[in-house]
Every structure is written in structure tokens, then in C-alpha cells.
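Here the structure is laid out as C-alpha cells; the discussion comes afterwards.
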Amino acid sequence: MTAVTKPSDEHVPDPAPNNGHANGHEEHESDDGEDDGVQDAATGDAKKKKKKKKPKKKKAVQSDPPRIGLSKFFPNGHYPEGEIQEYKDDNSYRTTSEEKRYLEKLAQEDPDTTYENIRRGAEVHRLVRQHARKHIRPGMTMTEIVENIEDGTRALVEESGLESGVGFPTGVSLNECAAHYTPNAGDTVVLKSSDVLKVDIGVHVRGRILDSAFTLNFEPTYDELLAAVKDATNTGIREAGIDVRLGEVGAAIQETMESYEVHIGSKTLQVKSIENLSGHSIDLYQIHGKKSVQLIKNDDQTKMEEGEYFAIETFGSTGRGRVIESGDCSHYARVPNVPQVPIRLTSAKALLRTINKNFGTLPFCRRYLDRVGETKYLLALNSLVRDGIVNDYPPLCDQKGAMTAQFEHTILLRPTVKEVVSRGDDY
């Protein structure tokens, strides 16, 4: 989700294809017993004794669409590690430092800081997006697309209140709309072959949010736009690291992004970094942490720090490279640590109780309120926004006729190495 401004098979209990990611684990079933002759001590007659039945291992296979919870495939709770990148320059010592390895061991042993939570979310994300990328086609409604993704997320992560579930509303922003669009009830928008579709999916486990996004197009006109944004995101990931200044990452992203051009008929358009969108740090139960990774050169001297999680996301545009709020709002989130303010509307008080119970500070959308049984809530919701208790996040759009693209990964700045947790075979 956007702020404004080789997978390894280590830890996998039963390795399977796809570099250790979840295809299945093994269950036991019995072979036919075999007889073995033994001699009776009293009579000397040979009697037959059946051998103990040997267990035969059988692989369980994920369903299509994926709907079987991951605990069935990873019963020991160890999930695949993401892509590992070693730190550079002054931090290269970390890879072999015994002290830093010990810090990682302590983190893994603490249920509140273990990396298994974010890795579980990442494995859910890989499976859900694999199915989505295969099945999203022109002619589908936006509602069909997001419901398939969110049904898969809830099933695979084994949704359980605020313990695990969807990390934020699935974004399916189209064309000039770069971010923060998901369909509200009654939305009838249909995907067209000429569309450029951004798919932004969130998964959380114990409040640790996995945030990753990709872009789909269905004809070659904007292939270079997608290539530019993917390259820029990978540049941001490569440059990110402990003690790296955020402004330096932004400069590298912009340089990569704006080295690309898109050719449309006789026109040649430079791909621009969207200057007022950014990546961001991710805190527990808060998708937007306090740090922003801008997509352009800037003077931010803030440093990335050990142990932090970041969503490195970039947006490119063929338009002006700047977005404004436009269209009906669908995304909302309760403000963390909001001061006590008087709430006059009884309906607003009741709605806030629903939000606290079901979402806490995790982002939600109107469809999610519909899903938990809320009706006729817009007046109350707008009241909570006006009172500063809930933030609204309207769609963010470039100029009409522009095309925008997005790619995003979640990275973890471990003491010894940088882990691109959401990396997969696809992007």
C-alpha cells in the first residue's frame, strides 16, 4: 500500500518444486503387510508373523484456486526465506559477524520478533499472486478480481481476527490511477485489454504486514513502462541497507526510472518517477511507518536502521509524474494513538467499536465493513474522518490519458543480511 509525500528452501520441512515454496507436504498411508516365518518354541512349527506396516509418504497438493491453509504444508512453523542480499561497503562485515548472528538468533526465538511471521505472509502472497497473475483477464470485473485474491489470502493465512488476515484492501488501480482504488459495493468497472492494472496485495501475521505489488498489461504498448518501474524497484532494493540515507535511495530510483522511454505511435514519452508517492517503513499493525522512501532525488538524511521493515515501491508514469486525489474513497484506517475526542453521533461510536474489533489500525475498505455486517454507515464513517479518528485515502491519479505502473517488495534489514522477503520467481 502506498505512502504519499532466489528464494531458498532452507527451513522447509519437505522440499518440493518451486524452490521450496508451498506445493505440499507429506502425509502417511500404509503399505500392505508382509508375512515372515518364525518358529514356535514348543512345537518347532513355523508360524507366520506379520511385519509392522511401513508408512508410505504421500504429498498433499495445494488446491486451485489456492484455499488450503499453509499450516498444513509447514507444520513446524518454518517458512521459506526470501532472497538474500549481502550488505555493501562498511556493513559487509555483518554477514560473518558472530555478534550479529547471535542477535538474529534472539530475534527468531522471540514470538514477537520472529521472522517466521513475515515469511508466512510472503508465502501466502506468492501463492495468491501466482494464481491471480495466471487468471486475471480482460472481461473480469474489479470486484471479481479482488474477491478471488482476498478469499485466497484469508484461506491460506488462516484468518483469525487480528492475529492473521488481509493486511489492507487489495488495490486494483487502473491506467492513470496509481494507487488506493479498490471497488466499493455496486462497482461495475470491467477490465479491458488496453488497461494497465496495478495489483497491490497485503497479508499480515500478528501485525507484521507483507506489502508487495505488481503491474499487468495485456498488449505490448506499455511494456517499457513496466520494465522501467520493475528496474527502478530493484534499484531501490539494491541500494537500501542499514545506515543508508533515504535521499540517496530516492536519487538512485529516479535515475533508473527516467532512463526509460515509451514509444506510442510517433510519440516518445520519458517515463517519470511520480514525485509525490513513496515507499515507506512498516510498523506492527501500521502499514505506513514514520520513514518515507521518495522516488526522486531529495535531501532526506534520515538513515535506514537495523531491524526495520520497508516497502520499497516505485511508480512510473507517462504523464506529469504527480498525482492528486480523485474519485470515490474506498480506503480508510484508524489513526494510531488518537487522542480522546468527543464523538457526538451514536452511530459513529458504534462504528468505531466495529473498526477497533475487526481492524484495529490495519487499513480497511467499505467492502470489509459490509462483510462484517455494517449497513448505512457512511454518515458515521465520514464523522470519524472529520473528527480525526479515521484517515481516508482516496484514489491517487495522474492526468487523464497517462499510464502508471507499480512494482513493490517488502524488505527486512536483518543484522547480518538484507532479506527481500516477498521475492518470487515472477518478480
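Including glycine, each Cβ sits where the backbone N, Cα and C put it.
Remember, it's a predicted structure, so these values are computed and weren't measured experimentally.
Feature list (source: TrEMBL):
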type     : residues                       : note
BINDING  : Asp200, Asp211, Glu408         : divalent metal cation 1 binding site
BINDING  : Asp211, His280, Glu313, Glu408 : divalent metal cation 2 binding site
COMPBIAS : 47-60                          : compositional bias 'Basic residues'
COMPBIAS : 85-96                          : compositional bias 'Basic and acidic residues'
DOMAIN   : 116-314                        : domain 'Peptidase M24'
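For the binding-site residues shown (Asp211, Glu313, Glu408), fewest C-beta neighbours within 10 angstroms: Glu408. Other residues of the same chain near the divalent metal cation 1 site, with their Cβ within 8 Å of the Cβ centroid of Asp200, Asp211, Glu408, are Met1, Thr2, Gly171, Ile201, Gly202, Ser212, Ala213, Ala311, Glu313, Gln406, Thr410. Separating the Cα atoms of Glu313 (divalent metal cation 2 binding site) and Glu408 (divalent metal cation 1 binding site) is a whole-number distance of 4 Å. His280 (divalent metal cation 2 binding site): 24 other CB atoms within 10 A of its CB, across all protein chains. In this model, the domain 'Peptidase M24' (116-314) carries an average pLDDT of 98.
Other C-beta atoms found within 10 angstroms of the C-beta of Asp200 (divalent metal cation 1 binding site) number 25, with every protein chain shown included.
Separation of the C-alpha atoms of Glu408 (divalent metal cation 1 binding site) and His280 (divalent metal cation 2 binding site): 11 Å, rounded to the nearest whole number.
Geometry remark: His280 (divalent metal cation 2 binding site) versus Asp211 (divalent metal cation 1 binding site), CA distance 10 Å. The residues near the divalent metal cation 2 site, meaning same-chain residues not in Asp211, His280, Glu313, Glu408 whose C-beta sits within 8 angstroms of the mean position of the site's C-beta atoms, are Met1, Thr2, Ala3, Asp200, Ser212, Ala213, Gly279, Ile282, Phe310, Ala311, Ile312, His409, Thr410, in sequence order.
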